[in-house]
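Under the heading substrate binding site, Swiss-Prot lists N80, M109, Y139, H175, S195, R196, G197, D236, S237, L238, R239, E275, Y302. The Zn(2+) binding site annotation in Swiss-Prot covers H279, H343 and is backed by sequence analysis. Sequence annotations record features per position, and here Swiss-Prot assigns [4Fe-4S] cluster binding site to C423, C426, C431.
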Amino acid sequence: MRTEWVSARKGQANVSQMHYARKGVVTEEMAYVAKIENLPESLVMEEVARGRMIIPANVNHTNLEPMAIGIASKCKVNANIGASPNASDAAEEVNKLKLAVKYGADTVMDLSTGGVNLDEVRTSIIGASSVPIGTVPVYQALESVHGSIEKLDEDDFLHIIEKHCQQGVDYQTIHAGLLIEHLPKVKGRLTGIVSRGGGILAQWMLYHHRQNPLFTRFDDICEIFKRYDCTFSLGDSLRPGCQHDASDAAQLAELKTLGDLTRRAWKHDVQVMVEGPGHVPLDQIEFNVKKQMEECNEAPFYVLGPLVTDIAPGYDHITSAIGAAMAGWHGTAMLCYVTPKEHLGLPNAEDVREGLIAYKIAAHAADIARHRPGARDRDDELSRARYAFDWNKQFELSLDPERAKEYHDETLPADIYKQAEFCSMCGPKHCPMQTKITDADLDGLEQVLKSQGAAELVGVKQDKL
């Protein structure tokens, strides 16, 4: 799709969407995004130039269909996949990618940590993906020295970062906000550092007694990113791993640094989004979103959940989707899904499906709550189909049509029941939607009440209830 678009840009010193937007150029990617988001091209260009919207689109990922992440666009959902040393292989990860895209993932992150040829897995995923692909390069940096922190040097990090750019990775989680002076702030936490990338860098700093190399070499990383239009996803190494640790001094100290790094990247015209928690009580979610907007000049916020309770292993796609919906309502731009296997094991294909649907629900609920134009159209169309007992239309409009049809057909599988004016819940005689009260019926009732001297009925609009 993008081969012709990017051919003229390759070799230029800066090919980022932000760079072109700041020059007043509407790229083909911006025009494409404007169309699918139903936004003016000028607004997309202005938001990208401002840093409030990103279009993750590496020039080497030519089969990508561009999409936008930002408060002006629809709330997006990311799905994580990836092989571990103990489970999965390259073919299975590509299948997970296809399943994730099928069920609505807007971006996919390859979090492979070992057990396979990481470059082979990554290039296979990128080659098969029409959605942006993100990675966490510190995983491969550590794997490249066989897990020996003491052998890992600054150039190893930058070498892997550029390799990912060359392969077509659209955004990379860069844990540059974790500083050596932040580490003592972890004292008193119940769960310490729960970011894998953050943990690697914390170990590196503790061993070498030196500052985080991703921080000290941040400008060098910016120089790499702008040559490929790779986007920063600034990692939150000190995100809370439980309710107890939410919004603590460690988390907020790193967030302040992430704001500084956001502005540094923008000086290079490099796109940025900022990652966020994690595990956060419901009453602290709004504070966390607003604080990120304040510290990071409204760069798109990308949160993992957050989980609103810690007592439901096996159901954390639910505990986190609750928090994700609220975070999206308050302005979070992208939600990173959580599967039922979170904290328990590597998710399989069915776990990916369950997590994604939970998060598509959360993102859609957030869009409705934020009154995005057209956000509720599909809901209204499904409701009309439900009222008309148009079962096939209901399935078609569902986030997961296969599951909706499967559940309906468990008890009423025959085709004749696709025209039935009931389901197995109420049966043929007790469905309340069979009670068709028309406007004409109500007009007639009003006339009767008026003739009897009763007060005129006053209609109440649904949105004012």
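Using the three backbone atoms N, Cα and C, a Cβ is placed for every residue, glycine included.
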Which same-chain residues, if any, lie at least 6 apart from Y139 (substrate binding site) yet have Cβ under 8 Å of it: L111, S112, T113, G114, L118, R196, G197, I200
Check: same-chain CB within 8 A of [4Fe-4S] cluster site center, minus C423, C426, C431: F422, S424, M425, G427, P428, H430, M433
Lowest local Cβ density among N80, S195, G197, Y302, C431, which the record lists as binding-site residues, within 10 Å: C431
Integer Å distance between the CA atoms belonging to H279 (Zn(2+) binding site) and Y302 (substrate binding site): 14
Sequence-distant neighbours of C423 ([4Fe-4S] cluster binding site) in its chain (C-beta under 8 A, six or more apart): H408, T411, L412, C431
CB contacts for H279 (Zn(2+) binding site) [other CB atoms within 10 A, all chains]: 26
Around the Cβ of R239 (substrate binding site), the count of other Cβ atoms that are within 10 Å: 27
From N80, S195, S237, R239, C426, the binding-site residues whose CA lies within 10 Å of that of H279 (Zn(2+) binding site): R239
Rounded Cα-Cα span from H343 (Zn(2+) binding site) to S195 (substrate binding site), Å: 12
Between N80 (substrate binding site) and C426 ([4Fe-4S] cluster binding site), the C-alpha gap once rounded to whole angstrom: 39
Span of the substrate site, taken as the largest CA to CA distance across N80, M109, Y139, H175, S195, R196, G197, D236, S237, L238, R239, E275, Y302 (Å, rounded to a whole number): 20
